[in-house]
Each structure stands twice: as C-alpha cells, then as structure tokens.
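If you check TrEMBL, you get these features:
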{"type": "BINDING", "residues": "G40, G41, R62, N155", "note": "substrate binding site"}
{"type": "DOMAIN", "residues": "2-233", "note": "domain 'Aspartate/glutamate/uridylate kinase'"}
{"type": "SITE", "residues": "K7", "note": "site 'Transition state stabilizer'"}
{"type": "SITE", "residues": "K214", "note": "site 'Transition state stabilizer'"}
Amino acid sequence: MKVIVIKCGGSILNSLSEDFFLSIDRLKNSGFHPVLVHGGGPDINETLDLYKIKPEFKDGLRKTTEEVMHIVELVLSGKTNRKLVNLLEHAGHKALGLNGSDCSLLQAAFVNWETLGFVGKVESVNKNLLESILEIGCIPVITPIASGPHGQKLNVNADMAAGAVASALHAEMCVFVTDVDGVLKDGNLIQELTVQEAIKLIEEGTVYGGMKPKVETALSVLSQGAKRVMIASGKNKFYDNNSFIGTAFVSENLYMKGAAK
Ligand SMILES: Nc1ncnc2c1ncn2[C@@H]1O[C@H](COP(=O)(O)OP(=O)(O)O)[C@@H](O)[C@H]1O
Ligand SMILES: CC(=O)N[C@@H](CCC(=O)OP(=O)(O)O)C(=O)O
C-alpha cells in the first residue's frame, strides 16, 4: 500500500486552499493512500489567552501543565480535528477523526516531566488500526495526543507525531504542509536540500522557530527510510502533474538536480 503522511500545520489550518484539497484528489488518483496529522498551535494559544494562561515553550515544545493539557485536548480534538474532518468530507473524501490516545494509536514516553510536564515523544504507533482504516477507503485524521506510560494523555508536537506515523507505516512520502512555500533563504524557495545543507541552515539560523522542528523531523523521517520528504504550502497545490511542489529533502546518495518526481 502506497501511503503518504500529510502533516497539516496550525498556521494554515484555518486557511487551507481549494488547491490543497485538489492535491489530495490527485494523490489518490495516483494511487496514494493519505493519512493526515494535524497541528493547531495558534488555536491553542488563542484559547489559553481566553483563560488568561500565558503560553510557554521550551525548544519549540509547549510546557504542558494538567490545566494546559485539558485545553490542548479541548481545542485539538474538539475543534481543530472536527474542522479538518469536515473540510475533507465537504471536499468529497471519507475522513475519520482519531485522537492519538484512542486504541493505543500513539503511545508515548514523557520528554521531560520536570521541565515540560505532560509532553510526550511517540514510541509506538498502532499501524494495524491505520491500515484497516485505509483499506476501507477512509482518510485517518490524527490529533497529536498520545497515551503515556500510565494512561495519562500527553501532548505531542504535531511535526514529530507525523514523523513517527510516517516511519511506522513505512510511508512512501511525508509532506509537512505549512503557511510558507517551503524552506526559504533570503526570501527564495529552496527546491532541494541535502541533509548536510539542511543542518547548515539550522546552524546558521536561516531555519528557526516552527521551521526548526519541521526540518529536524523531515531529516529524521528520511533517515528512517521514507523515499520522499517535503515541506510545502497549504495555500497552493502541493501535488500536480505527478510532481510535488515545495522543498524536497534528499539523501546525499540520491542527490539529483531538478524537481522531485
Ligand atoms: N528558513 C525558513 N523558511 C521558511 N519559514 C521559516 C524559516 N525559518 C523560520 N520560518 C518560520 O516557520 C514558520 C512555519 O512554522 P510554524 O509556524 O510552526 O508552522 P506550522 O503551524 O505549519 O507547523 C513560517 O511561517 C516562518 O515564519
Ligand atoms: C508539545 C507541543 O508543543 N505540542 C503542540 C501540539 C500542536 C502542534 O504541534 O501544532 P502546530 O503544528 O500548529 O505547531 C502544541 O501544544 O502547540
């Protein structure tokens, strides 16, 4: 089964274009089975603000107290996931929303209880569940909340959750859809990045903020055997004429000039 994992960032979730859904149609016509993982950082921040709670991050991960965890779940499962499932259904797809903590879909360990609280790192994925959903022609839409070692719910960075799902499913492709065309340098899109080039962009500070975990996860997915990894925009088509549009990550030994086909 040719699986593609598509991570939909919170930066773009409220303004996904028709072209985004058209790209999903085209992918399905090309024989790909999409699995979606969504973020929702900006929506969480907005709701925390209503409760007068100041968002706190450490190395790109949200400090998650018990109170914050309740709000994360309320927003991601109750609002963001519902919205994406509904948009997909409206675009003519069959979509099934899943909390990562349901049915042991995502099982995680604490990253660092002392500094981050209820934040997890995915250690296993219920691959059989996802494959059964794909077999009946549905698109799984996964909320990045995992079950912890003693059944606690843990907040997982959505880029990292998508990376773990892509690796577990041995996905052919993993695309991180966000609010920019891909990795930019001096305002220009970089079409292809080798591992070494990507590390250099992080070190020199060209890649920073939310782009950093995305690029790091992209490199990790690539090293775990995904054939293609991309960062692309949800404002335009990210797949057309059998080609992906955005920044493609390539292993050194696969390095070739030209667009990723
Ligand atoms: N080199 C870069 N190229 C493109 N965007 C970058 C770069 N470095 C940092 N960014 C920032 O990363 C953001 C995307 O990350 P983020 O806001 O976390 O998105 P998402 O919610 O989709 O995961 C961009 O909007 C941009 O502000
Ligand atoms: C641990 C952690 O940081 N979790 C993230 C989960 C959502 C997410 O990653 O959303 P984006 O893709 O929009 O950034 C958070 O609480 O914001």
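Cβ from N, Cα, C; glycine included.
Heads up, TrEMBL stuff is auto-annotated, nobody curated it.
TrEMBL feature annotations superimposed on the structure.
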residue : record                             : contacts (Cβ under 8 Å, 6+ apart)
K7      : site 'Transition state stabilizer' : L36, V37, H38, G39, A158, D159, A161, A162, C174, V175, F176, V177
G40     : substrate binding site             : G10, L13, V75, L76, K79, T80, A158
G41     : substrate binding site             : G9, G10, S11, R62, A158, G210
N155    : substrate binding site             : R62, T64, V68, M69, V72, F118, V119, G120, P144, I145
K214    : site 'Transition state stabilizer' : G9, D159, F176, T178, I231
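With respect to ligand 2, the recorded positions K7, G40, R62 contribute G40, R62 as residues with a C-beta closer than 6 angstroms to one of its atoms, given in sequence order. Secondary structure at K214 (site 'Transition state stabilizer'), taken from DSSP and collapsed to helix, strand or coil, is helix. The Cβ centroid of G40, G41, R62, N155 marks the substrate site; residues of that chain outside this set whose Cβ lies within 8 Å of it are G10, G39, I44, V72, L76, P144, N157, A158, given in sequence order.
Those residues noted as binding substrate (G40, G41, R62, N155) have their most widely separated CA atoms at a distance of 12 Å. For R62 (substrate binding site), other Cβ atoms within 10 Å of its Cβ number 22. Taken as a whole, the domain 'Aspartate/glutamate/uridylate kinase' (2-233) shows an average pLDDT of 96 in this prediction. In the three-state DSSP scheme, K7 (site 'Transition state stabilizer') falls into the strand class. A strand conformation is recorded for N155 (substrate binding site) in the three-state DSSP classification.
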